[in-house]
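Report on the structure given below.
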Amino acid sequence: MSAQAQMRALLDQLMGTARDGDETRQRVKFSDERVCKSHLLNCCPHDILSGTRMDLGECTKIHDLALRADYEIASKERDLFFELDAVDHLESFIAECDRRTELAKKRLAETQEEISAEVAAKAEKVHELNEEIGKLLAKAEQLGAEGNVDEAQKVLQEVEKVRSKKKDAEQHYRCCDAIFYQQKLRVCEVCSAYLGLHDNDRRLADHFGGKLHLGFIQIREKLDQLKKAVVDKQEKRNQERLKRREEREKEERMRKRTRSRSREHKRSRSRDRRRRRSRSTSRDRRRSRSRSRERRRRHRSRSGSRTRGHRHSHEHGSRHKLPRDREHASRDRS
C-alpha cells in the first residue's frame with residue numbers, strides 16, 4: 001500500500017465517511033446488511049488471515065475503515081448488538097476449522113497405521129530371512145559332519161544368496177523406518193496445521209510465532225471476548241428491563257392507590273351528600289309534619305270557632321223565638 005493510500009485509510013479510520021463530504025460514500029451506512037459486522041469489530045478472518053497459506057481472499061461483504069469509524073462513534077451512544085452477527089460469523093468459521101482439524105487427525109491416524117503396518121512387514125521379512133540363514137547354516141554343518149562336502153558347499157552358496165536378500169531387506173526396512181520416524185505428525189489444535197513430533201525448536205518457534213497460528217489465536221480470543229460481551233450486554237439489558245418493569249409496577253401500584261383513594265374520597269363525598277340529603281329530607285319531613293300539625297291545629301281552631309259561633313247564634317235565636325212562639329200560642333188560644 002502506498003503512503004497516500006495509507007494516509008487515506010488513516011483519515012477514514014479517524015474521521016469516518018463524512019471527512020470529505022462525499023455523499024456517495026455516505027449512502028452506505030455501517031448498519032447496512034451489506035457491511036461486514038466482523039470488520040466493524042476488527043475481527044474478520046478475511047483480514048486477519050490475509051497473506052497466510054490459508055488466505056481466504058476478499059470478503060463478500062463491504063470492508064471500509066470509515067464505516068468502522070462511524071460505528072465506533074455510534075456505539076458509544078447506544079448498544080447496537082453487532083457482536084451477535086460477529087459471533088455467528090466467527091463461530092461458523094471456527095467450527096469449519098475444527099472440522100478440518102478432526103478430519104486431518106483421522107486422515108493422519110490412518111496414514112500412520114498404513115506406514116506402521118508397512119514397517120512391521122519389512123521387519124518381519126528381515127526376521128524370516130534371518131531364520132532361513134540359520135537353518136541353512138545348521139544344515140551345512142550337518143552335511144559337513146556327515147562328509148557330504150559338496151552338498152555342504154551348495155548349502156553355503158545358498159546361504160550367501162539369502163544373506164544378500166537379507167541385506168536388501170534390512171536396507172528397505174531402515175528406509176521405511178526412517179520415513180515412519182520422520183512422518184510421525186500431529187495436528188495443531190489452533191490452526192489445524194501439521195506438526196512433526198520430532199521437529200526441532202526452530203521449526204516449532206516458526207510455527208507458533210507465525211502469522212497463521214497467531215491469526216487463529218486472535219480469532220479464537222476475539223470470539224471468546226465477543227461471547228462474554230454479548231452475555232454481559234444481555235444481562236445488562238435484562239436488568240434494565242427488570243428495573244423498568246419494577247418501576248412500571250410501582251407506578252401502577254401508585255396509580256391504583258391514587259384511584260382507590262379517589263374512589264374512597266368520592267364514596268365519602270357521596271356518603272356525605274347522602275347524609276346531608278337524608279338530614280335535609282328528615283328536616284323537610286319534620287317541617288312538613290310540623291306544618292301539617294300546624295294546619296290541623298289551625299283547622300281545628302277555626303272549626304271550633306265556627307262551631308261556637310253557630311251554637312251562640314242558635315241559642316240567641318232560640319231565646320228570641322221562644323217569646324214569639326209563646327205569643328203566637330196565646331193568640332191562637334184567644
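Glycine is no exception: its Cβ is also placed from the backbone N, Cα and C atoms.
Per TrEMBL, the features are as follows:
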type	residues	note
COILED	94-172	coiled coil
COMPBIAS	232-254	compositional bias 'Basic and acidic residues'
COMPBIAS	255-323	compositional bias 'Basic residues'
COMPBIAS	324-334	compositional bias 'Basic and acidic residues'
REGION	232-334	region 'Disordered'
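With a threshold of 8 Å between CB atoms, the same-chain residues lying at least 6 positions outside the compositional bias 'Basic and acidic residues' (232-254) that come near it are 79, 81, 83. The average pLDDT for the coiled coil (94-172) in the predicted structure is 81.
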